[in-house]
Amino acid sequence: MQYNIFIDLIQISIIHSLILVTELDYIQDVEYLFQLASIELPSNAAIVSTKWLSDCIRAKALTTPEKQHFLCRKAPEKKLPEDSATSTDISSASAAAFPTEFLCQMRCPLEHHNASLAQALSVLARNSEHQYGITKDQQYYAKALAFDRAAACLKSLQQPLLSISQLTDSCPRYIGDHAIRIITELLNTGASAEVDAVTGSDLYQCMTNLTAVYGVGQALAYKWYSCGVKSVSDATHRLLRHHECGEGQQQKRDSELVALLPMGGGDHKRLQTGLAFHNDLVNKPVALAEASYFRDLIAKLLLELRGPGFTVTLVGGFSRGKSTGHDCDLLITHDVEGREAGAVSDLARVLTAAGMVIHGTFEANSFSPSVLSRDFRVKELRSTLDHFEKWLGVIRLSSKDTDSSTVDRDVESIMAKIDGNGCDRQGEGLPAAKRRALSPNYCAFDSFAEAVAMAGGEAGAAYASRGWLARRVDLIAVPRSQYAYALLGWTGNRLFNRDLRLFAQRQRRMKLTSHGLFDLQKVNNGCANQIYKKKDLKNRYIINENVSID
């Protein structure tokens, strides 16, 4: 059935009823989706939440649904004031008029009163996320999401939590029994046996360290762990040893590891970059001054390369008020729709010719109305679900690259290098020997050993002796008509985006993506041409005051 991504039907003979299990919140939502699918909702269907299924799994038997398992009907919505969608009034009176049913309606500041409690729940969320990556068991995905939501609720409290009732009264929908148990134990004793067991677990520590490597996901990290690779230095040392030993017993002994860490292909070059420059990319966060300098550099380069009209915006954690981050994300758009196309590949070529690129990959714009009928649920924990033209890379930023006053001089130096290569400023007309050097897909090293040497050895050279740091950057080219939605999506974070998209789907019958806001029924019918304005969500707007659901 086309809509089985929303509704799972489980036909079980329990009291001669049809049990319908759904992640939706209200009976009207289920009825609406059946109506869209032109399917009659069985009159004898018992509509229950996924909590019933979880209880069955725990009991290892199919149980009779109880009162708390059944969905109820949603109360009629109060008509909102005409200006409610754009109002910035978040006084207590305004808040009372807008009951907080979704996390995207909560204010979760970066600095809050319950840091230790939220951190404990985040540990359990990351542990469940690791387990989900290893097993793909949806139970762990649900746990990770539940702990993240509970942590967000803690951050939304305007005072330190002294009693669990403060939390259950404020956020009854998002505080499950497991989270309540952990928080209660922390309030009563100052510690949690479960949290301590997780943080002391060898698997958790190794998975946390390995998944921090640029290019390493949950599944690959677990394969490394199963092969005895428990740290970044383990993986680096064993790979280098394999290349040095050549044919023989040592190569045979490491063959299983090498099969998991192949040395060819673009994705594996990205992984090698992550290993070789791990110290820079993970242990030395990107400062706001560095990110601001790079934004100004890109804006000036675009002016030189393609003329005026471009807007370059620093997004990600920095736009949520953070002072440091793990990378620098830049949204690029142009006042004239379509003029942004090709800007990212031009920039990649120029940065490469200037000797700034260590590794980079280019992705062409793949958006079309047909993609809206796929990936309806924001399911994967790390999913971004957009189809913009983008370049994802790792570049060198020198010690002086924190002062935006030097941008004009640095751009002149870069452009001189481009002109000196005997090509125009879009990287066209290159001699064959230099064509690879100005490709938007580029890698500055041919082998892993060469990458490690470039980084200054297995431990990485001291910043002062190298004079530069490896920095992750993402350049995203966005059509002007989609810019507002891309800005929202790339500001994040993923929990906020997931909940806002659920709000759009369940409360407004719309599909929200980083490309636009679309009528859900028209998307289902393959007619996704109309883009609505953000105000059509009718969701309260809260001014960014260091707000995050991290």
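Don't overthink the numbers, they just go from 1 along the chain as shown.
Glycine is no exception: its Cβ is also placed from the backbone N, Cα and C atoms.
Because TrEMBL annotations are produced automatically, they should be read as predictions rather than curated entries.
Over in TrEMBL, the protein carries these features:
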DOMAIN    17-70  domain 'BRCT'
BINDING   D327, D329, D474  Mg(2+) binding site
Return the average pLDDT for the domain 'BRCT' (17-70) as a whole number.
82
What other residues of the same chain, not counting D327, D329, D474, have a CB atom within 8 A of the CB centroid of the Mg(2+) site?
V315, G316, C328, L330, L392, R472, V473
Provide the number of Cβ atoms within 10 Å of the Cβ of D474 (Mg(2+) binding site), excluding the reference atom itself.
17
So how many of the residues in the domain 'BRCT' (17-70) end up helix, strand or coil by DSSP?
23 helix, 13 strand, 18 coil
